[in-house]
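*Asks:* Straight from TrEMBL, here's the annotation block:
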ACT_SITE  His27  active site
ACT_SITE  Glu81  active site
ACT_SITE  His85  active site
Amino acid sequence: WPGSYCDTQQSCCYPTTGKPAADFGIHGLWPNYNDGSYPSNCDSSSPFNPSEVSDLKSSMQNSWPTLACPSGDGEQFWSHEWEKHGTCSESILDQHAYFESALSLKQKANLLQALKSAGITPGGSYSLKSIKDAITEAAGYTPWIECNKDSSGNYQIYQIYLCVDTSGSNLIECPVFPKGACSSEIEFPSF
């Protein structure tokens, strides 16, 4: 959630293309083992090639924006995600299919709409359970909610994990969840 990424002491920088929409952005599509560990940097001979995803670029700028400083156009972020994680799914998803799958999954999950439908909107504070329940109801699968802390030390919704089958196209129940803590009431900051 860009509001939580930016609402920390470290802050954020908007992409060179301008302030992104107030919507969840993609962090990545990460192949994992069933025990929660994961392979990384699986093929150094397959660097990110922007020309392979040129038809997806505007969708990627909208749905997978970078908020890191200094401001960038997203290519460094996408390159990192492809080289660290995408190369580990190459036997199933080539570079274009990797990014296309992530974009399609984001649309399918439609997290912001799932929360809004349950009356959970940016600018408020909500129970962790109500956020989880809203996403489970809309997506059909249990999410993992990761929090970070704002500059005052309050927990806020930061990332939402959903698990995907090995084809990269369908949501599934997560075999294992990441570690991390949230409080039972968390903020959903505006962006």
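Yeah, the Cβs are placed from backbone N, Cα and C, and that goes for glycine too.
Model, not experiment: these values are computed from the prediction.
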*Asks:* Return only the integer: C-alpha distance in Å from Glu81 (active site) to His27 (active site).
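*Replies:* Each residue's Cα considered, Glu81 (active site) and His27 (active site) end up 8 Å apart.
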*Asks:* Taking the Cβ of Glu81 (active site) as centre, how many other Cβ atoms lie within 10 Å?
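*Replies:* Here the count is 21.
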*Asks:* Give the distance between the Cα atoms of His27 (active site) and His85 (active site), rounded to the nearest whole Å.
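*Replies:* Rounded to the nearest whole number, the Cα-Cα distance is 11 Å.
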*Asks:* Could you list the residues of the same chain, at least six apart in sequence, whose Cβ is under 8 A from the Cβ of His85 (active site)?
*Replies:* Gly28, Leu29, Trp30, Pro31, Tyr38, Ser40
